[in-house]
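A quick write-up on the structure given underneath.
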């Protein structure tokens, strides 16, 4: 913010928003300016009288410069929210918004601007629009920059502020933001059930048939606040599990209640979801919902916050515990979680291949010929569990490398096997994807997949979990090890990783720490541990060791950085770092698909 402020604060509002041919902004239904010179300018630019506002009339107001465009989906979603805040503030305090369009044609601009009650820089003045983009370093939209009537920067994160605090953040100054933060901290310290669920206009929650239940009737109970969006698949799946837990607790006559805080923006979707659930809810689109997401510092959906009988937060999110343990996790106290942790530890210590893969009559996996391979036949082997899916691009990119690694390991050790655990959406996709694989698989739709995903906490795919000969978990990070070291990482134990680390350390002992190279004369290149990179000389992937320039993000393989006659501790194979995937963890981004 300081960098932008320095550049902006040297001018004034008029010079910021005007041009040599224009001293006004336009509005859809604005004020009439009776000035012949302005009238002439308007005619030239195709604007009718009654749609212009002098820039000087903004004196005394706080102004939001709204960088947006009709083609931008996030802008289209944010604009109605900004309209609501603008209508609330503009009639009560000195607040104005100026639209700075990023549209590519005037028709799009006019159509989009017709939905806005505020001002705009004329579309024809592209020079001013471009200058404002540069002055405020706009690199993404929607972007809302708050300035005062002297053109000085007040807040560069207007979009985040409006989304989080709405009109309550006015006048958007650092002092106001500090005041809001301090008030939020006080609210957390002094939290009660009423301070969480009661507002000046509402002291009740609702049942699915529309009846009002006073919040006072919930006092003294353990309360679960369910933050959810009905249309999200993960929320739907969790809700069905939570309903089972809720019904069991009710049958056990536990003093427990759930209040749904829906973040759904479609009222019909909210109604359809809520009428199938047995618990209570805040009314649809209740203004306190966004405030509560901040109060509980929401970071993921679904989230189930637990309040104790005293109204204090007992746990910030027990959704994962509900997934893992169900009703056993109640009453969600620290003591209960310590107890569950001890049970989990004992379970891991007793883990065998059969305890993982045998469930009733399901005591087999599929072979490539469709034959059933008994789990008992795999006992004593090193096993990789491959969580993957055909619809996942990073999975499809990783699978060919894994096929090669699998074949190399099998040549060295027959006491090794890999089992595909599919997240595919239909049998046809499963069959097509599995046809590319030389290993075993759980059948499509096998219920064991759910328990395995829970046991190994699969939050993103592709994922590889390695099991030792006893069936105990060796590592859940085998995918990274395969990416970095290929078959050399087998059997993926800590001891093997240490051996590899020692080998790479030994490999680089006689290499120079820094080199100069003709391809990068600006700076010296420093020998650096880099998980994965693309060599800027040969365009091949490399890992572990790079001659690297951090300032320029420049990398060279050792074999590319050092002269041919230099001693690089062995032949070329010693410095080939191989292929692999970046170590990033159901939204596909880069090399992983994660649960959003």
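Quick reminder: no glycine exception, Cβ is built from N, Cα and C everywhere.
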TrEMBL annotation of coiled coil - which of the ranges 203-234, 235-266, 267-298 it falls on: 235-266
Contact set, same chain, for the coiled coil (235-266): CB under 8 Å, 6 or more residues outside the stretch: 197, 205, 218, 220-229, 273-274, 277-282, 284-286, 289, 292-293, 301-302, 304, 309, 319, 322-323, 326-327, 330-331
Model confidence over the domain 'Thioredoxin' (342-502) (mean pLDDT, whole number): 93
